[in-house]
2 protein chains.
Amino acid sequence: MVGGGQLARMTHEAGIPLGIKFKLLSDTPQDSAAQVAGEVVIGDYRDLDTLRAFARGCDVITFDHEHVPTEHLRALEADGIPVRPGPDALVHAQDKGVMRAKLDEIGAPSPRHRIVADAADAVAFAEEGDGFPIILKTVRGGYDGKGVWFVRTPEDARDPFLAGVPVLAEEKVDFVRELAANIVRSPHGQAVAYPVVESRQVDGVCDTVIAPAPDLDEELAGRAQELALRIAKELGVVGHLAVELFQTTDGRILVNELAMRPHNSGHWTQDGAITSQFANHVRAVLDLPLGDPRPRARWTVMCNVLGGDYPDMYQGYLHCMARDPQLKIHMYGKDVKPGRKVGHVNTYGDDLDEVLERARHAADYLRGTIVE
Amino acid sequence: MVGGGQLARMTHEAGIPLGIKFKLLSDTPQDSAAQVAGEVVIGDYRDLDTLRAFARGCDVITFDHEHVPTEHLRALEADGIPVRPGPDALVHAQDKGVMRAKLDEIGAPSPRHRIVADAADAVAFAEEGDGFPIILKTVRGGYDGKGVWFVRTPEDARDPFLAGVPVLAEEKVDFVRELAANIVRSPHGQAVAYPVVESRQVDGVCDTVIAPAPDLDEELAGRAQELALRIAKELGVVGHLAVELFQTTDGRILVNELAMRPHNSGHWTQDGAITSQFANHVRAVLDLPLGDPRPRARWTVMCNVLGGDYPDMYQGYLHCMARDPQLKIHMYGKDVKPGRKVGHVNTYGDDLDEVLERARHAADYLRGTIVE
């Protein structure tokens with residue numbers, strides 16, 4: 001697996017029971033996954049020689065992030081190393097321009113959008129629709145709200161072009177909430193769909209995920225799952241695919257983002273589904289039959305734990321574990337910086353309000369925003 | 001953790017979500033846990049200098065097995081390193097003579113027993129009761145049926161004395177089945193009890209565990225749990241304690257063996273309980289509040305996977321995973337030798353017969369004793 005973040009850490013954890021040999025390419029020995037994995041190579045995934053040397057002897061390569069250059073992935077394939085998801089699929093998660101063009105081609109619903117050349121063109125894009133606000137995004141390199149601008153005026157429209165990266169303009173969608181349709185697909189085309197979840201963001205960062213999405217119309221949920229399965233098939237995705245969606249005020253679903261790896265909106269599956277997204281990602285990458293994606297509880301809630309003012313998150317364990325013996329804490333071993341994702345908690349049960357309260361309390365307590 | 005076997009492997013897996021730093025002392029880099037852990041020291045736990053160097057900087061030491069010499073554990077404690085379970089507790093799992101004496105002292109029910117000096121004394125022990133057969137056990141060093149003799153005649157009674165280790169004689173108990181009462185206890189005395197399970201042995205090796213034990217009288221189950229909790233308290237156990245029990249034909253429960261570490265009879269908790277034995281062992285050792293031990297399914301069944309004629313267990317995955325998408329495979333990364341424990345499977349559901357069949361089929365298929 002290329003990339004030493006928490007997704008690799010949790011993928012390693014999920015792979016241990018399969019008795020597989022997991023090898024990691026990590027930037028530093030302190031990275032989240034590098035702390036806990038057996039075979040770790042330290043190196044830069046942007047360097048082709050490093051990547052090639054790492055891949056030698058691997059049966060298959062997969063990723064913790066989408067940042068490996070497409071041409072490097074093609075070079076690995078040329079070396080005879082299976083890359084899953086492959087470069088032809090992954091480019092849609094790497095480049096938002098390519099992604100939108102492909103979604104249009106296969107008739108998947110997107111917000112109104114087009115590539116814009118400069119600030120004046122962004123203003124023109126706004127005027128082609130309902131005017132400002134609009135969203136501007138660099139086509140590559142963004143995550144967790146970075147590389148995304150909420151643009152209210154022509155003046156606001158200048159910043160996104162400073163980096164020299166192509167910029168995609170999108171309408172500001174009137175949505176009632178954000179959903180995620182997560183599926184896993186294997187090389188021979190087997191696929192499983194997790195229940196559609198509600199994803200609540202704070203400042204552009206995922207904060208809470210509720211599985212399944214409360215009060216979601218069954219027909220709409222089915223449509224969202226079918227959409228994710230169709231996108232995976234048309235794009236040739238192997239492994240976990242997260243399709244982040246807007247549920248609009250007028251009852252439509254529109255694709256917001258795609259991620260081709262385990263995803264924050266699927267962390268609930270570790271404790272709430274029969275087979276976790278991480279276990280199924282590993283199975284798909286190894287071309288093994290996929291595990292049952294159904295939920296094990298009526299409701300499962302995930303809350304991210306962000307870094308706060310305490311450098312040591314560990315001190316909160318006593319209170320949180322004593323208060324809620326069913327609580328599942330997942331920490332990533334990362335240095336605490338204010339606002340940084342350093343872990344998450346999962347809770348489950350029959351009463352959504354109670355399950356939400358337990359998760360919220362634990363996440364806030366671990367961060368230090370509440371003290372009792 | 002001292003010892004690189006599968007118990008350490010699965011303890012590491014369970015510790016990853018807590019963000020703790022796990023350090024392993026393993027005999028070889030190929031040991032089950034050494035393959036998947038981040039910080040591994042290769043060395044011999046029987047060598048005090050090795051053990052001391054390993055322990056330096058650790059907040060606490062725990063074990064994958066009971067074989068570390070008691071005097072070494074006392075030396076670590078003298079160095080200021082907390083050892084959990086401590087040597088005063090662990091000696092009862094290391095020495096069956098000490099264990100029986102202590103159980104007698106606290107009034108815990110054992111089979112009739114005494115230390116015997118030689119074969120003639122073993123014959124005398126038999127004649128003090130109902131005659132042969134009797135059981136002879138070396139007080140130290142046995143596991144999985146090794147170091148245990150089923151003795152039918154005076155001639156059979158000679159072998160156990162050849163090793164020069166003290167020998168314990170026990171009556172052959174008329175039991176209807178074997179049970180295990182598993183509990184976890186923390187240093188400040190909090191304890192949780194898992195449901196009492198039925199454990200089926202084949203050739204002295206655990207084969208199948210059913211949780212909870214079917215048709216077990218509630219009063220008897222409560223008595224077994226209370227017995228395990230009392231033993232843990234009286235012996236000062238910290239961490240997971242497995243109390244292996246005989247359920248006798250006349251409705252009593254008698255203590256067979258004690259294990260102070262995660263135990264084969266608790267593997268079902270990985271997929272069948274809210275908190276696994278491994279996660280709770282880690283919590284106890286770190287003196288954190290314990291997690292909820294209650295089951296998540298009506299029935300959970302564990303079957304051990306023994307090595308068969310296939311050197312590569314991996315080829316069975318395709319069939320087993322395709323046949324049962326809910327199946328949980330746990331392989332240990334060990335070289336396959338006929339009869340060696342190389343993994344286990346867990347299944348769960350509402351219908352015990354069906355759950356048993358699914359587990360049995362998978363374990364047999366992976367071993368290679370069935371091919372369809």
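Here the Cβ of each residue, glycine as well, is placed from N, Cα and C on the backbone.
Those TrEMBL annotations? Automatic predictions, nothing curated.
Matching B:Lys23, B:Lys137, B:Lys328 to the ATP binding residues that TrEMBL gives (B:Lys96, B:Glu170, B:Glu171, B:Lys172, B:Val173, B:Glu178, B:Asn256, B:Glu257) identifies B:Lys137. Each of the binding-site residues B:Lys96, B:Lys172 was scored by how many other Cβ atoms lie within 10 Å of its Cβ, and the smallest score goes to B:Lys172. Cβ environment of B:Glu257 (ATP binding site): B:Lys96, B:Ala242, B:Glu244 lie under 8 Å away, each six or more residues apart in the same chain. Sequence-distant contacts of B:Glu178 (ATP binding site), defined by Cβ-Cβ distance under 8 angstroms and a gap of at least six in the same chain, are B:Glu198, B:Ser199, B:Arg200, B:Gln201, B:Glu244, B:Leu245, B:Phe246, B:Gln247, B:Asn256. Within 10 Å of the C-beta atom of B:Glu170 (ATP binding site) sit 21 other C-beta atoms, taking all shown protein chains into account. Computed over the domain 'ATP-grasp' (B:100-286), the whole-number mean pLDDT of the model equals 95.
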